[in-house]
Amino acid sequence: MPAVGGIGPGTGKEYPGNLTPYVLVTCIVAAMGGLIFGYDIGISGGVTTMTPFLQKFFPNVWRKKEADKTKNQYCQYDSQTLTMFTSSLYLAALLASLVASTVTRKLGRKLSMLFGGLLFFAGALINGFAKAVWMLIVGRILLGFGVGFANQSVPLYLSEMAPYRYRGALNIGFQLSITVGILIANVLNYFFNKIEGGWGWRLSLGGAMVPALIITVGSLILPDTPNSMIERGQTEEAKAKLKRIRGVDDVDEEFRDLVAASDASKLVEHPWGNLLQRKYRPHLTMAILIPFFQQLTGINVIMFYAPVLFNTIGFKDDAALMSAVITGAVNVGATLVSIYGVDKWGRRFLFLEGGVQMLICQAVVAACIGARFGTNGDPGDLPKWYAVVVVLFICIYVAGFAWSWGPLGWLVPSEIFPLEIRSAAQSINVSVNMLFTFAVAQVFLTMLCHLKFGLFLFFAFFVLIMSIFVYFFLPETKGIPIEEMNRVWKTHWYWSRFVEDLDYPNGGMEMSKGGQGPKNV
């Protein structure tokens, strides 16, 4: 049977370099770009359960939830207008990520991050002062433009700045910032909901200006990556920057490979069209399927609508928001586990372990909710132990996602693309992510109303499929220099048929000099 996973030992280069305080601080500041995405995910779910917010903008939902005293817990939030408020951001992010590809490639990663921060700030300002639904939607669209630019540029920036031995941990800083943003948003929702006068939702929505300012200011003080500087003709400055980043003077070999990669990328006139070439088949497949599967884990259902979900399974409003805070804290803690282990245990191990953990938890939650709510959605009086069991397994599920598909869904695509298609491929990755984030967010409440507890089994099915996909088709990328990444495809039992040595004439860019690479396994 052919080898399913990784690569043989001794097949690649080892560039000299250290994890310097300079690059560590730089990556921490850049990773804070994830705060805007995380804050929005956490805020939008909490705000949509606040009674004053629903009364002002979505009175039909409020009447269905409160005045009608509906007993069908599955359907009380089923409103396409309400879900459009939440999910319109992701359509905007999809469009912005396509534009961001050109900006990131031609003007640098920093400028994309700056645009992201400014657009997100404008959206938060409009939402905080919203008087009508159209203002909410306009604000969400601007927020989406900001998320699209940030999510396109920040993971690339981190993967290019980090020494290859620590690339996984530093890149996951982006996902850590997302989880911290979600947690902060959930805590703020809990306290703002208690403000007398019912205007706390304005503070929740307007508070997004703070993470927007962080990424805006951060983008102004961060250095550009050597890859980006070489791509824009700043060769000598790039070499000096590479020496400072790596903390050593002996950077000639890595610098030559970066220049070779840049020279190859300049021969590519149409990077979007190039993605369809046979030699990029593995890259395009991962750019599409990894974000597709990441959204169909069901995690955004939990994080968008955690307060809604906990309210639906019988918690009161405050308890629902507090349960969302608990899952947010679990999310942050489990992401720290991923930072510790991703460069030690490898990407594949975390993907597969997390998949098994999520699959088991989804089955248990479906059984628990099905046993109490049945198909009519009327749970009667819920015992406290039952609610605790559901929250516990949802937390275990969140932990499984937070150390596997959460961070790795951003890390792996950002590190596997050759420079000549990197910006375009990352835009495909973000676009697919946002498209399915939008789709899941838009149809979730309707699916909950119709599929009931079976919704968790729906997502469990996709967790099973994607775990099988990882086992057979995703090679291990731990410890591979980013400009040497092509050898993981050349040694893979399936993808090797698409990638040949002749596809990459600059031997130093992707392989050892002279083309002496590993044989197919």
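Glycine too: its Cβ is placed from the backbone N, Cα and C atoms.
Please treat TrEMBL annotations as automatic predictions, because they have not gone through curation.
Residues annotated as domain 'Major facilitator superfamily (MFS) profile' in TrEMBL: 26-478.
Residues or ranges marked as transmembrane segment in TrEMBL: 19-39 (among others). With a cut-off of 8 Å between Cβ atoms, the residues of this chain six or more beyond the transmembrane segment (19-39) that come close are 113, 116-117, 120, 143, 146-147, 150-151, 153-154, 157-158, 161-163, 165-166, 170, 173-185, 207-208, 211-212, 214-215, 218, 221-223, 244-247.
Annotated transmembrane segment per TrEMBL: 87-104 (among others), in sequence order.
Here the transmembrane segment (111-130) has long-range neighbours at 30, 33, 36, 57, 96, 100, 103-104, 136, 138-150, 152-154, 157, 202-203, 205-209, 211-220, 222, meaning same-chain residues at least 6 beyond its ends whose C-beta is under 8 angstroms from one of its own. Marked as transmembrane segment by TrEMBL: 111-130 (among others).
Summarising the annotation, TrEMBL assigns transmembrane segment to 136-158 (among others).
Residues or ranges marked as transmembrane segment in TrEMBL: 170-191 (among others).
Feature annotation from TrEMBL assigns transmembrane segment to 203-222 (among others).
Positions annotated as transmembrane segment by TrEMBL: 284-308 (among others).
Below 8 angstroms of C-beta separation, residues 42, 45-46, 49, 168-169, 172-173, 175-176, 179-180, 182-183, 185-187, 189-190, 193, 302-303, 306-311, 349-350, 391, 394-395, 398-404, 406-408, 411, 478 of the same chain, each at least six residues beyond the ends of the transmembrane segment (320-342), sit close to that stretch. The annotation transmembrane segment is assigned in TrEMBL to 320-342 (among others).
Sequence-remote contacts of a segment are chain residues at least 6 beyond its ends whose Cβ falls under 8 Å from one of its Cβ atoms, and for the transmembrane segment (349-373) they are 73-74, 297-298, 313, 338, 341-342, 379-380, 382, 386, 389-390, 393-394, 396-397, 399-401, 403-405, 408, 452-457, 459-460, 463-464, 466-467, 470-471, 474. Per TrEMBL, the feature transmembrane segment maps to 349-373 (among others).
TrEMBL lists 385-406 (among others) with the feature transmembrane segment.
Taken from TrEMBL, the feature transmembrane segment applies to 427-447 (among others).
Packing against the transmembrane segment (453-474) from elsewhere in the chain are residues 4-5, 285-286, 289, 293, 296-298, 301, 347-348, 351-352, 355-356, 358-359, 362-363, 365-367, 369-370, 373, 405, 412, 444, 447, 494-495: each is 6 or more residues past its ends and has a CB under 8 Å from a CB in it. Positions annotated as transmembrane segment by TrEMBL: 453-474 (among others).
Counting Cβ pairs under 8 Å to the transmembrane segment (136-158), the top-ranked stretch among 87-104, 170-191, 203-222 is 87-104.
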